[in-house]
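Novice: Below are the structure tokens for one structure; questions will follow.
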Amino acid sequence: MSPQPQEALSLTGRARALASRSWQVFRANWHLGFTAFGGPPVHFRIFNDKFVQRTKWIDEQVFQELFSISQALSGPASTKMLYCINLIQDGFLAAVFSFLLWSLPGAIGMYALAVGVSKIDETLPRPVYALLSGLNAGTVGVIALAAVELSEKAITDRLTRILVFLGATAGMLYNALWYFPVLMVASGIATLVHDLRWMHQPVSMILGFGTNLKGKLIRTWPFGKWPGSTSNAGNDDAAHQGRRNSAADEESIEMSSVTKATATATASSNSGARPRPGQGTQRSGLPVTEQEASASSAESEPRIIPSELRLDFSWKIGTAIVAGFFATFIAVMVTRGVFPNPPGLPLLYHLFANMYLAGTIIFGGGPVVIPLLREYVVAEGWVNPRDFLIGLALIQAFPGPNFNFAVFLGALTAIGSGNNAVAGAVIAWVGIFSPGLILVHGTMGIWSAVRSKRWVKAVLRGINASAVGLIYTAVYRIWNVGYLDEGFQFGKSLGDDPWWVVVTATSYVGGRWFNLKAPAAIMLGAIMGLIRYGVVSA
């Protein structure tokens, strides 16, 4: 056969393989952009059910790893996780394709709403405000339920329980751009120190020194009985008891060493034997109950990563991607600073620069991006506060990533400045999403080189717990701005009216105990908002 037909057959085979892989990615991802309501916490639940339980593209361990990475890097958390799942499964093109399927439906919807909002009067009808407030209240209940369910997986022992609590409370008490990444890094260090037992020996030495010092003081006490004891004999008894406890401790240590040695020998002798029933199933490195917490200890053997869950590009390529991103970020920011206002550079360039900056410095996902976008768009005079609040309520009820809010703001900015609305929407969309996706793509290359290390596993436990705690912070922040009404320049707390508390509780209880899906819970909130308007108006 001549070379040309062989080359044609080769191209045909590759085209068919590409089409087959694209169809597989489409089948797995197409509906998510239309049905994934409720924001990142709910998205994580959906991804776990879809890609861990059903398709088994990844296992629970990899899911927990990707959850921690997505939360620890800037940008849209659930979008980064979906991108990485498809990157592991079928490579770069599949990851980009899945992102488009995930983001475009909501982005197109937010663009259409921006065009519609730009044409409405200064005030909205009162039923619309009731509808939007109901959507917000229902969404808060859905996110609260997702936070509880994610906590059940993140809490593996007493330390992670504390870290979830501290992450939630610390996030409620203070808000700054640098604050959330610092909380997650501190949590990772805490579990690293705990799991590698770096502090166990110093603490044991200090406690042992204190016990020995007390024993010496009791034996040499020159003033009669020891304070708190009833007789001098009690001193001898106490000293004798201390010696007995010390001997018992030594015996316990010796027995523990013998037990460990026996277990090691047994494991070694059985290395080629078939596992007993119940032992053959591979379990997650991050257990879901406190009783299984020992499985997540850094003392366990490093995990062997299955070949199908490994990436085929090196840490050097990943490092180059991350370095290239920061070079572009510096260039965009320097240009933005040198030419601060039009006519130096077009307004749409400043829109892109603001969105690029927001996508780079935002940690914590959609609930964190909203206050910052207010600063970068409303404070600039590009979008008025009323339209911002309308978009804020609508994005909570839209499927897909909350970062699609930038499309709404970009379109309104372009319309208000006399530019093309589609151009403004696309520029804002690219600016807000590209930093997180570029960073996570490069980080996955670095991650492939270090993911099997025991210290990495320990750090992830803390980051994961702190990130789950921050979801409760998202509940708190949306709660405080969810109530909308005529004349409000900013949203008010849903707690200002008991009805919205009832709506939120109904959404939570429906999902928790009656298997009410997130879209239905959010729509039920909207209906209950209209019911309130009807009752109050009557």
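In case you wondered, yes, glycine gets a Cβ from its N, Cα and C as well.
All TrEMBL annotations are machine predictions without curation.
According to TrEMBL, the compositional bias 'Low complexity' annotation covers 256-273. Annotation source TrEMBL lists region 'Disordered' at 229-301. The transmembrane segment annotation in TrEMBL covers 91-116, 128-150, 162-186, 313-335, 355-377, 389-415, 421-447, 459-479, 518-535.
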Novice: Give the nonlocal contacts of the transmembrane segment (162-186) in its own chain as ranges (CB under 8 Å, at least six residues past its ends).
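Specialist: Sequence-distant neighbours of the transmembrane segment (162-186): 71-72, 151, 154-155, 361-364, 368, 371-372, 462-463, 465-473, 476.
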Novice: Which stretch from 91-116, 128-150, 313-335, 421-447, 459-479 shares the most C-beta pairs under 8 Å with the transmembrane segment (518-535)?
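Specialist: Most Cβ pairs under 8 Å with the transmembrane segment (518-535) come from 128-150.
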Novice: Cβ pairs under 8 Å only, please: of the recorded stretches 128-150, 313-335, 459-479, which one is richest in them relative to the transmembrane segment (421-447)?
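Specialist: Looking only at 128-150, 313-335, 459-479, the most contacts with the transmembrane segment (421-447) come from 313-335.
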Novice: Which range out of 91-116, 128-150, 313-335, 389-415 gives the transmembrane segment (459-479) the most CB pairs under 8 Å?
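Specialist: Ranking 91-116, 128-150, 313-335, 389-415 by Cβ pairs under 8 Å to the transmembrane segment (459-479) puts 128-150 first.
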